[in-house]
Amino acid sequence: MNRLWPAVARVTDSALGPYQTAVLRIGVALTWLLFLLREYPHRQELYGPDSPWSWDLAAQLVGANDAFTVLLWSDSQVWFEAVYALAVLFSLLLLLGWRTRTMTALFMVGVLSLQNRSVFMGDGGDNVLHLMAIYLLFTRCGHVWSLDARRARRAARARARGERTHDAVGPALWAVLGVVLLLGSLAGRTDGDWFIPALLWAVWLGQAGWWLAGRLARTDQPRILLDVVGNVAHNGALLVIMAEACLIYATAGWYKVQGSRWQDGTAVHYPLHLEYFSPWPSLAGLLTASGTLVMLVTYVTVVVQVAFPFTLFNRRVKNVLLGFMILEHAVIAVVLGLPFFSLAMIAADAVFLPTSFLCRAGRLAARARGRLRPRGDAVPVPPPRRPDGPPGRPSAVGPAQAAPVTDGVPGPRT
Amino acid sequence: MDAQDRGSDARHGPAEPGVPGPRTPLPAPTAPADGTDVSDETDRTGGTDRADGPAVPVGAQDQPGGVEQPPGAQMPSDSPRTGIAALSPPYRIGAALALAAVAVTVCVHLGMAFLHVAPPNTVSKKHSETIADWIYPEFEQNWKLFAPNPLQQNVSVQVRAEIRWPDGSRRTTGWYDLSAQDGRDIDGNPAPSHTQQNELRRAWDFYVSTHDDDNRPVGLRGALSESYLRRIMALRLDRADAAGPHGEVARVQVRSRTTQVPPPEWSGEKASDEAEYRELPWWPLPEGETRGGVG
């Protein structure tokens, strides 16, 4: 019990890895947003009612596999355009972290609706986004780097000044969603697989519960309990996300080990010469000109993919490998013409980045933004120093102290 | 849920990182801004295990697990109580139940996902139905990326059409190499569209995987894949203006042309440079597709 209690307290008292989940949220939402914008000219062919994978064909397949998609609620052009536009909007709002929990739900609906409508248009990148969109729903990914965080800060300052704050947008949004959910359910549109509709109802009820616990309850106990439940769900989802990333690499790696081309060191040559994956043939030719180089890249790819899950037990090795993975995906993005797949994988990789690194990146981004938009209207008054905050320069309390917990991984020392 | 997270209650004043942008132009921003950043970071990641607040005994400093920390560390009186330590016994049971439910769900889900992606084995064969029930439809996944071996063939999907003219005469076109067209669209394209990179490629894979060697469809998916491939052909032929301004496409025939990717020069390997063809039967186009009408 003595050893168990701190672990229990750790996963119940806080949502671990706030920066990691925030960067995952931003990465996943950005990938899907860029994808939707890039495919905007092709949207009819991909997901429209008259696409080659027509509404009828999709309805037959979904009738058989029960996947969730609102696009099959109607075969009208207007409905399709509306869903596509909303999917764009939801990914932008999730990226910004506006009403994050609601947006994770709506973002998930957008991703699943489009992807399940035309499953044969997708690739590995869509698969990653599909899973992450569902997992994100369980996380509290708006704690930092979000409009929600900014609103919470402003509300806290207002409270500190003794002002009353009230939020009309939240309940309004909640009410609209409730009506849509109810109409969808009553119309029998959610009669397929129960899982996604149940999730949406659970989020909706959970938000009502959270609101009531904050307003009506006589004690703070219900609110604390809901907070604990939220933390536990978040931490569980974070673990699943990390395990999922390991599963991706492990599967990709272990299956490769069995392949003769990965064994004889020529595998990397082949995808680079496939018609569908060679946007820059001359670059591909250059990269595969040396047999030794190709052999090295082939072997290192397999080794890194197989090894990655195990390196999580050692912070430093993990970070080196992580950097390598991200670099490799950046190369894949260009050389194989798979930018959205690569971006999705990099977003998933980012949950393993150390907090100190993410904070530094965040400060750089903020500084760059400040230089671009030096109006300073967002925070009119510099906030007071925290009295018990660590004094002195950041380097004194930077990586050294932050190191032990930087990853927010519920595992040992990562 | 969005509006009042613990974060908003827990702290009064100090700004969070990530949005310090507007602060930077201020005279002496570095120390306070960065200082709060770091303290905030530990606030969030470590919860009560972390040692930067007054709540935690000094002994727990820098211990990732925080193992030395006594249960139910006393909270500072001025901040709202949070966490399981602040719950009364009945509510603690609720928290414990939630923790147990999440722990079980996480373990089961990861187990199912593992068995789903692992090669068929003793356990997954025995429980295949349970695994499928859990995984499908939303958690399906395939991570055999270029594995076990990368594809070593270029499969070109080609089509020719029989055009019907207004005077009733018919003419058969030459073969259109649609994959080569996709390849040209992808060349020099930093972000190829799924319509160029996946549509035809995956439609052909879908067809092949749902038909036997004599092109007989297997099940519902076989029939769907035929309609799908036919509609793609109608779309592409219309784009290529195969029927001209007055004709219409009466029938189409699809074939695949498979060639080996030449092995690298330095490997000394030789691969056949002969193409293999698979020709499908002629398919008549239904009324709505003879003049495009797809996409």
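Cβ coordinates are placed from backbone N, Cα and C, and glycine is handled just like the others.
Any TrEMBL annotation is an automated prediction that lacks curation.
As recorded in TrEMBL, the features of this protein are as follows:
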type: DOMAIN; residues: A:13-357; note: domain 'HTTM-like'
type: TRANSMEM; residues: A:22-41; note: transmembrane segment
type: TRANSMEM; residues: A:79-98; note: transmembrane segment
type: TRANSMEM; residues: A:128-147; note: transmembrane segment
type: TRANSMEM; residues: A:168-188; note: transmembrane segment
type: TRANSMEM; residues: A:194-213; note: transmembrane segment
type: TRANSMEM; residues: A:225-252; note: transmembrane segment
type: TRANSMEM; residues: A:283-308; note: transmembrane segment
type: TRANSMEM; residues: A:320-340; note: transmembrane segment
type: REGION; residues: A:374-414; note: region 'Disordered'
type: COMPBIAS; residues: A:380-393; note: compositional bias 'Pro residues'
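Below 8 angstroms of C-beta separation, residues 70, 73, 99, 102, 105-106, 197, 200-201, 204, 207-208, 211 of the same chain, each at least six residues beyond the ends of the transmembrane segment (A:168-188), sit close to that stretch. Sequence-distant contacts of the transmembrane segment (A:128-147) (same chain, six or more residues past either end, CB-CB distance under 8 Å): 15, 18-19, 21-26, 28, 31-32, 35, 96-98, 100-101, 104-105, 107-108, 111-112, 115, 122, 199, 203, 230-231, 233-234, 236-238, 240-241, 244, 248, 341, 344-345, 347-348, 362.
Across the domain 'HTTM-like' (A:13-357), mean pLDDT in this model comes to 95.
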